[in-house]
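Visitor: Feature list, courtesy of TrEMBL:
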- Asp423: active site, 4-aspartylphosphate intermediate (ACT_SITE)
- Asp423, Lys424, Thr425, Glu542, Phe589, Lys612, Arg646, Thr727, Gly728, Asp729, Arg836, Lys842, Asn865, Asp866: ATP binding site (BINDING)
- Asp423, Thr425, Asp862, Asp866: Mg(2+) binding site (BINDING)
- 41-102: domain 'P-type ATPase N-terminal' (DOMAIN)
- 78-96: transmembrane segment (TRANSMEM)
- 102-118: transmembrane segment (TRANSMEM)
- 297-319: transmembrane segment (TRANSMEM)
- 354-375: transmembrane segment (TRANSMEM)
- 923-940: transmembrane segment (TRANSMEM)
- 952-972: transmembrane segment (TRANSMEM)
- 1002-1024: transmembrane segment (TRANSMEM)
- 1044-1063: transmembrane segment (TRANSMEM)
- 1070-1089: transmembrane segment (TRANSMEM)
- 1109-1129: transmembrane segment (TRANSMEM)
Amino acid sequence: MGGGKRRKLVLSKIYGFACGKALFKEDHSQIGGPGFSRVVNCNEPDSSNYCDNYVRTTKYTVASFLPKSLFEQFRRVANFYFLVIGILSFTPLAPYSAVSSIVPLIIVIGATMVKEAIEDWRRKQQDIEVNNRKVKVHQGAGNFDYSEWKNLSVGDIVKVEKDEFFPTDLILLASSYEDAVCYVETMNLDGETNLKLKQALEVTSSLHEDYNFGDFKAIIKCEDPNPNLYSFVGSMDFEEQRFPLSPQQLLLRDSKLRNTDYIYGVVVFTGHDTKVIQNSTDPPSKRSKIEKKMDRIIYLLFSIVFIMGFVGSIFFGVATRNDLDDNGRIKRRWYLRPDSSNIFFDPKRAPVAAIYHFLTALLLYSNFIPISLYVSIEIVKVLQSIFINQDIHMYYEETDKPAHARTSNLNEELGQVDTILSDKTGTLTCNSMEFMKCSVAGIAYGRGVTEVERAMDRKKAEPLLHEKLNGLHHIEDLGNKTPAIKGFNFKDERVMNGNWVNEPSANIIQKFFRLLAVCHTAIPEVDEVTGKVSYEAESPDEAAFVIAARELGFEFYKRTQTSISLRELDPVSGKTVDRLYKLLNVLEFNSSRKRMSVIVRDEEGKLLLLCKGADSVMFERLAKNGGEFEEDTREHMNEYADAGLRTLVLAYRELSENEYQVFNEKFTEAKNSVSVDRETLIDEIADKVERDLILLGATAVEDKLQNGVPDCIDKLAQAGIKLWVLTGDKMETAINIGFACSLLRQGMKQIIINLDTPEIQSLEKTGEKDAITKASRKNVLEQISRGKAQVTASSASADAFALIIDGKSLAYALEDDIKRIFLELAIGCASVICCRASPKQKALVTRLVKSGTGRTTLAIGDGANDVGMLQEADIGIGISGVEGMQAVMSSDVAIAQFRYLERLLLVHGHWCYRRISSMICYFFYKNITFGFVLFLYEAYASFSAQPAFNDWYLSLYNVFFSSLPVIAMGVFDQDVSARFCLKFPLLYQEGVQNVLFSWRRIVSWMFNGFYSATIIFFLCSKALEQQAFNNAGKTAGKEILGGTVYTCVVWAVNLQMALAISYFTLIQHIVIWGSIAFWYLFQLIYGALPSSFSTNAYKVFIEALAPAPSYWFITFLVVITTLIPFFLYSAIQMRFFPMYHGMIQWIRHEGRSNDPVYCEIVRQRSLRPTTVGFTARRAATRDHRG
């Protein structure tokens, strides 16, 4: 671009505050001190004192992968146990070969490490791609050439071009605009989609060409690396002068240059010193409740193994001591030669032999612990996540966004959610604002009907009428037509089409809409073909205001560094005229100021301060004679809030030249300060000028409910899930949104907790902070106690309560000595709405619910202010909405619309919970069956610590012969179809109450394993004990008994899986029958290997087992006998005591799924008198009428 044509001031946006040369004061004493020690010599790269720009996000390096990954694997108690077992298998204590013990451990650990390596390699590939990106860097003598990001050093001058990412944190020196401004997209940093304006210092703004940097020299002194994205303190020494630096000149790594051809910047922070990397913290580690419980079950199995080994050792010690009599003669077990045995069977040292036997028994019974459990669960969860991601019913076509499970660790938690804590704006609502109504000069304008007003009408009218209108289903469909102009849904013939000039207050109306067109930070973009103007605004509200002004005759079409241009309707001539307003200052909006102002000079030379803000800060700033319409405006704003609209107050004042000069000097001085309290100084000075305002009126915009929100809330309520709404909106707005989405209903008793009592208000006027705090705490506690007493008194009745609390009261309710009673009150209510809640309060409420109830909590939100809440909850759901992606990036699962929560929880959540629960129970069943058979054989063999099976039979049981069917069940099984999950929401309570993974169910599956092992062993041993095994008259030895028992175990555990499965697929058939077939194939192949390798399995199957009819007959008889108890139990339970999913299966089996009467009988079990949603509202209304 050097020497090319530079862009003119077409899209130039206003400076952050004031234009003109900085008046620098010597208020930079921090520079050079602790925390402010960085010195950057521009154009002199320094790679020795500061870190390089190579960024690594991988978990491992080549050197650390093996030790670190092994450490991660052996932190799991089961893996560590098998490591110890593997080490002991190399000693003479081992009842089997060391290789057969180590190989399965290596396979399981290796598979998990390979998965970790693949995931980390993907991160490595991303790192390589980012670090190898190229950017133009000054090479000297005014020449710029491409260099890789990783090679950048502090002090380098770089040239970034349009739509490129910034490679490091830069100080902006100049841009393609003459005034050295540029537009930056920060979505990767804060999730916000709006563009930010940055501007270089005036002294460097003339460096437009490459050759200007040939001999450029400057020294930057600034703060040390820190994670604060929104602050920067520093100074630049240039041409023997010092100039202050602020966040206005800082360009952050990973943000993108937009609407600007190029910029020049100097590198100040590189690599891991950059602010975005300083902010990159690992998300909190979350483990599901089932996984935590699984650890306790494994400890239980350890205890069982210990007890079995201990009992067996006692018997073994006693038996060994009795092998010789007192005279040293052989008394029993002559075949062991006790008179000349080694330490393991020495009757003279029986206690020592018993101790050695105990260690051997621990090795032998290690199969009680499922070695492949962890890796199988990980495989299943990853596959479940893929199914969630691929669900077409959770794909939002409008934004091309499917559901995305960002972690697979919490799949089963989705089926156990007890409480949902939801943001309102952008989550329940669209965060797509529409200008609906306004109040100007005490007169209300706008005839549109809002969602809340329609809901209120339905609430007051006869329910049967509304059933005829819309069946009480999609309540947003009635009159919910998309406006012709996005952001503008205003209808009033009195002011539209220029008719406002005929209104009695036309002058005030003109000032009102002119303020909307001027007081903002939007960027106009003119379509060169059609000439239409569109806007890039910092918030949906602001875009709606500018669009409304345009549609009503005040079109903002151009902005420069120092001016705003409008096309206004002139009330005198009736024609559209161009007007130019010189822009002097912008006093920006922030959460503490709650207002925004601009100071402009109009064409007549008048100095005007135009201000818009929240009613809580605006009315108190009105002049004594400036609130002529205050009472009417307040009344209208209350009506707008009742209608669910968001309101802002508009006011203005004229400034004298002298007043403005005094303000501007102080303001510029504060702006140029480099002290830590710079923002406070700016706010204080702005506060002084934003006084004595003259009221114009108020705006009202609607944030519509998202499609399907009422239906979704209704289904979740029927499923027994509680919903709390945590919002920053006013109480009136939140309450009415609650009515619109049926969280609240007529007849529901509202417990409202706030601090708007006369006592508190009078104390606030005195300003005694301690007295206010003490009285407020006491007042909140009294209100909570009264509410709790009210709920307790009505516990026997069917009354439903709603708790509504504001942010000030919530601050006291969350204190340690009050929060417990507050939680008890909230749990007793059907709905909870927290208004004016700060982000920190949202997180604290979530923590209180999670820790206080012990139940699974789910938080859902779409904005950066919801991140704390999402990370605090057991499950965080991010909505990829208008507010950007920061909530999504901090979430566990991302969805595009709130309504998809219904399918995510009721379908996928239920399925995942059932699958994981059943899978783990089955895992323990099959391992107990196998392990207890070994124990029974050892008891049968006088506790001699001899394994019943070949070494490799022991090792491969969990890996090949029983693991694939359980994985298939964890991925594909369905007790109820998706349609029935949604039709009968109460089914979800099986997960909330944890009925499928309760200790009762776990122990029953363990008992199933114990009795299955008992039946298999004793039937096989007795059947083979005394008669000939084959036609040759041979009796069965250890190998034949072991082979027969093993075959029966493989058949029994796989057919048990077939009985437990509710939904067969081809894959499940393949893995169940394939596992059994593979056992026979393995016997053939393994038995055919040389005897030195196959040992006691050498040709056992082909020569002994397969030819013998008794082998096949015993297998058939034993397997059927083993499965009969479970089959009878399941049949009796299903027929006479069905669980809720069993009832639904009966409906489907009997073909009554379309019988409305029968289905309604079953569905009625899910309706509770204290629930919410429009179904419950209709039921409550009918009960009231009855």
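Keep in mind that glycine also has a Cβ here, set from the backbone N, Cα and C atoms.
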Visitor: Report, as numbers and ranges, which residues of the same chain sit near the transmembrane segment (102-118): CB under 8 Å and 6 or more residues beyond its ends.
Guide: 59-60, 65, 69-70, 72-73, 79, 82-83, 86, 89, 371-372, 374-375, 378, 955-956, 958-959
Visitor: Measuring Cα to Cα across Asp423, Lys424, Thr425, Glu542, Phe589, Lys612, Arg646, Thr727, Gly728, Asp729, Arg836, Lys842, Asn865, Asp866, which the record gives as the ATP binders, how far apart are the two most distant ones in Å?
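Guide: Across Asp423, Lys424, Thr425, Glu542, Phe589, Lys612, Arg646, Thr727, Gly728, Asp729, Arg836, Lys842, Asn865, Asp866, the widest Cα separation comes out at 27 Å.
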Visitor: Compare 78-96, 923-940, 1044-1063 by their Cβ pairs under 8 Å to the transmembrane segment (952-972) and return the stretch that comes out on top.
Guide: 1044-1063
Visitor: Which has the fewest other Cβ atoms within 10 Å: Thr425, Asn865, the binding-site residues listed?
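Guide: Asn865, out of the binding-site residues Thr425, Asn865, has the fewest neighbouring Cβ atoms within 10 Å.
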Visitor: Under 8 Å between C-beta atoms and at least six apart in sequence, can you list the same-chain neighbours of Asp866 (Mg(2+) binding site), or say none if there are none?
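Guide: When sequence neighbours closer than 6 are ignored, Asp866 (Mg(2+) binding site) has Asp423, Thr427, Pro839, Lys842, Ala859, Gly878, Ala887 within Cβ distance under 8 Å.
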Visitor: Do any residues, 6 or more residues outside the transmembrane segment (1109-1129), come within under 8 Å Cβ-to-Cβ of it, and if so which ones?
Guide: 1008, 1011-1012, 1015-1016, 1019-1020, 1023-1024, 1029-1030, 1040, 1043-1044, 1047-1048, 1051-1052, 1055-1056, 1059
Visitor: Using a Cβ cut-off of under 8 Å, list the residues of the same chain at least 6 residues beyond the transmembrane segment (354-375) that approach it.
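Guide: 76, 78-79, 81-82, 85, 88-89, 93-96, 101, 104-105, 108, 111-112, 294, 298, 301-302, 304-306, 308-310, 312-314, 316-317, 320, 343-344, 920, 923-924, 926-928, 930-932, 934-935, 938, 943, 945, 947, 954, 957-959, 963.
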Visitor: Tell me, please, if the transmembrane segment (1002-1024) and the transmembrane segment (1070-1089) are in contact, taking contact as 3+ Cβ pairs under 8 Å between residues separated by 6 or more positions?
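Guide: Contact absent: fewer than 3 Cβ pairs fall under 8 Å.
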Visitor: Mean pLDDT over the domain 'P-type ATPase N-terminal' (41-102): what is the value?
Guide: 83
Visitor: If I take the alpha carbons of Thr425 (ATP binding site) and Asp862 (Mg(2+) binding site), what is the distance between them in whole Å?
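Guide: That separation, Cα to Cα, works out to 8 Å.
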Visitor: Can you break down the domain 'P-type ATPase N-terminal' (41-102) into helix, strand and coil residue counts using DSSP?
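Guide: Output for the domain 'P-type ATPase N-terminal' (41-102) reads 27 helix, 2 strand, 33 coil.
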Visitor: Out of Phe589, Arg646, Gly728, Arg836, which of these binding-site residues is nearest Asp862 (Mg(2+) binding site) by C-alpha distance?
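Guide: Closest recorded candidate to Asp862 (Mg(2+) binding site) by Cα: Gly728.
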Visitor: Within 10 Å of the Cβ of Phe589 (ATP binding site), how many other Cβ atoms are there?
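Guide: Excluding its own Cβ, the number within 10 Å is 19.
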